[in-house]
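Before I ask anything, here is the structure I am working with.
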Amino acid sequence: MALADSTRGLPNGGGGGGGSGSSSSSAEPPLFPDIVELNVGGQVYVTRRCTVVSVPDSLLWRMFTQQQPQELARDSKGRFFLDRDGFLFRYILDYLRDLQLVLPDYFPERSRLQREAEYFELPELVRRLGAPQQPGPGPPPPPHSRRGVQKEGSLGDELLPLGCAEPEQQEGSSAGAPSPTLELASRSPSGGAAGPLLTPSQSLDGSRRSGYITIGYRGSYTIGRDAQADAKFRRVARITVCGKTSLAKEVFGDTLNESRDPDRPPERYTSRYYLKFNFLEQAFDKLSDSGFHMVACSSTGTCAFASSTDQSEDRIWTSYTEYVFCRE
């Protein structure tokens, strides 16, 4: 449905200027409610309409000022739907609230957030995300916490130079002389200028670090009371991942869902990750390809009776199983 020229393009949907068309437009109720609900890639956000239209000429501004509600896509519950990254939209919405960019200390999705800002046509946010990060106030961080070179689209782990210990001045050494550790970091085995870079899942000798990863899942299936009918297995709803963040990212990469624990440092442990697929064999293959082998397994379950449509009682068995994998 086309809008009148006097109402198109104005944030509040009203006309500007005199004439009978302007007076009739101002008397009309607003096209959108003051509180809008957004479904962005499955994540639900509730915000004010003035927030989503705070940046003129952006995609959201055009959607909620130059279009009518019936022209926008909605989900089954009537919320306005956007097929974008629901986790990263929280930072887009934060920027729209006060036009400030505030990101957590350990944020590995900067390039992806920049891509989302380009989609929503927020040029100032794109510029800020593309600018080099400035160190905050206070003393400079120690060398082992500084970022190395990071490829776009990598797993987000901090890259650390070889021999990243504190460059403490030894007694009797000059102030301007580099420490042996830093000198080792600046030389490659072949004598070149650039030394190898290590991710947190690697040790100083270049080998992969040892560690444990535990995956678990909850499943259920139904067996008829006579135990003769085939079991009706219900698919695994979610495979959880527990372990060190850097190891989990190394093994599962982009198939690891970090939406519930997005800002955890690489060397910390977490039990809130889960996988984006539901096949245990696929998880086993990824662990095997990364050098892990299973060392333990445990399972627990409950059984209950439920009446089916044919009035016979079926047994529903629900179990939770964990597998522990180790890389030495």
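Backbone N, Cα and C atoms are what each Cβ position is placed from, and that goes for glycine too.
Automated prediction, rather than curation, is the source of TrEMBL annotations.
So TrEMBL lists the following for this protein:
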REGION    1-28  region 'Disordered'
COMPBIAS  11-21  compositional bias 'Gly residues'
DOMAIN    34-137  domain 'BTB'
REGION    129-151  region 'Disordered'
COMPBIAS  134-143  compositional bias 'Pro residues'
REGION    167-205  region 'Disordered'
What does the DSSP secondary structure composition of the domain 'BTB' (34-137) look like, as residue counts for helix, strand and coil?
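Counts, helix then strand then coil: 40 helix, 16 strand, 48 coil.
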Can you tell me the mean pLDDT for the domain 'BTB' (34-137)?
90
